[in-house]
Amino acid sequence: MSDAAEEQPMETTGATENGHEAAPEGEAPVEPSAAAAAPAASAGSGGGTTTAPSGNQNGAEGDQINASKNEEDAGKMFVGGLSWDTSKKDLKDYFTKFGEVVDCTIKMDPNTGRSRGFGFILFKDSSSVEKVLDQKEHRLDGRVIDPKKAMAMKKDPVKKIFVGGLNPEATEEKIREYFGQFGEIEAIELPIDPKLNKRRGFVFITFKEEDPVKKVLEKKFHTVSGSKCEIKVAQPKEVYQQQQYGSGGRGNRNRGNRGSGGGQGSTNYGKSQRRGGHQNNYKPY
């Protein structure tokens, strides 16, 4: 692999693709709930497979990995910190020394066609995962890479929504009056801009049941207190942060990688710059 590629910045600080995610540092990588995952058919180990998206490297992407995205699979691993030049074959060849690799994939940026610096592998035997984790350091194409266990996230019911484009002057009473017609409200969050000490133009509403959310989402826009508001499902902070893996995060800790400015393949999985107080809890997708 060329040395030049090693000096280029890489997008590897929080991600999700086809239902797979890298978790915050110190936690196991997870896969999102049904509400957060992109629409795709899923199947058990003995069922069918999902269709691989475009932009895959070295041919077809791992159907078996995609098919098990919402299921626990002890043989599946997330691999972060990959070089742009690392191919699917390179990834498979490296991990084959730990056991038989039945499937692997490298996630690609659909806009640039470049690797996003992370991928997934699926071992035939889960004992191979433990062998990988037992090794203190892994290097591939001149870079320190970071393999972790991949785990499925539980499908919790969706009860929380994001309401954007709301007039900051709209009272909680008016908000509750409008959305209360869809179902019983458990809580309303009114984020404050810490610099201006004023209400922000969005709120989060948690219903006691899941059905009201479905009713609200039948329309994308709602008029609340004279404002045309956009409604979306609110995502847990962990899911939002992982989506930043491929959306502009540039490495912070190279952990022994060449140079300190390139940042390709940062290991700060799940960490993103805060752009607003609402990221403390939820973010729409």
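Cβ atoms here come from the backbone N, Cα and C positions, even for glycine.
Annotated region 'Disordered' per Swiss-Prot: 1-65 (among others), in sequence order.
For 25-43, the entry in Swiss-Prot reads compositional bias 'Low complexity'.
The domain 'RRM 1' feature in Swiss-Prot is assigned to 75-158.
Take the CB of Ser87 (phosphoserine) and look out to 10 A: across all protein chains shown you find 16 other CB atoms. What Swiss-Prot lists as phosphoserine is Ser87 (among others), and the listing cites similarity to another entry.
Sequence annotations record features per position, and here Swiss-Prot assigns SUMO2 cross-link to Lys136 (among others) based on similarity to another entry. Sequence-distant contacts of Lys136 (SUMO2 cross-link), defined by Cβ-Cβ distance under 8 angstroms and a gap of at least six in the same chain, do not exist. DSSP classifies Lys136 (SUMO2 cross-link) as coil under the three-state reduction.
According to Swiss-Prot, the feature domain 'RRM 2' maps to 159-238, an assignment based on sequence analysis.
Annotation comment: Swiss-Prot describes Lys208 (among others) as SUMO2 cross-link, evidence class similarity to another entry. Counting every protein chain shown, the Cβ of Lys208 (SUMO2 cross-link) has 12 other Cβ atoms within 10 Å.
The N6-acetyllysine feature in Swiss-Prot is assigned to Lys220 (among others); the stated evidence is a large-scale study or a structure entry. When Cβ atoms from all protein chains are considered, those within 10 Å of Lys220 (N6-acetyllysine) total 10, not counting its own.
Here Swiss-Prot flags 239-285 (among others) as region 'Disordered'.
The phosphoserine annotation in Swiss-Prot covers Ser247 (among others).
Among the features that Swiss-Prot reports, N6-acetyllysine is placed at Lys271 (among others).
If you measure from the Cα atom of Lys220 (N6-acetyllysine) to that of Lys208 (SUMO2 cross-link), you get 21 Å. Taken residue by residue, the domain 'RRM 2' (159-238) breaks down under DSSP into 16 helix, 34 strand, 30 coil. Across the fold, the C-alpha of Lys208 (SUMO2 cross-link) and the C-alpha of Ser87 (phosphoserine) stand 47 Å from each other.
Taken as a whole, the domain 'RRM 1' (75-158) shows an average pLDDT of 90 in this prediction.
Across the domain 'RRM 1' (75-158), DSSP assigns 19 helix, 34 strand, 31 coil.
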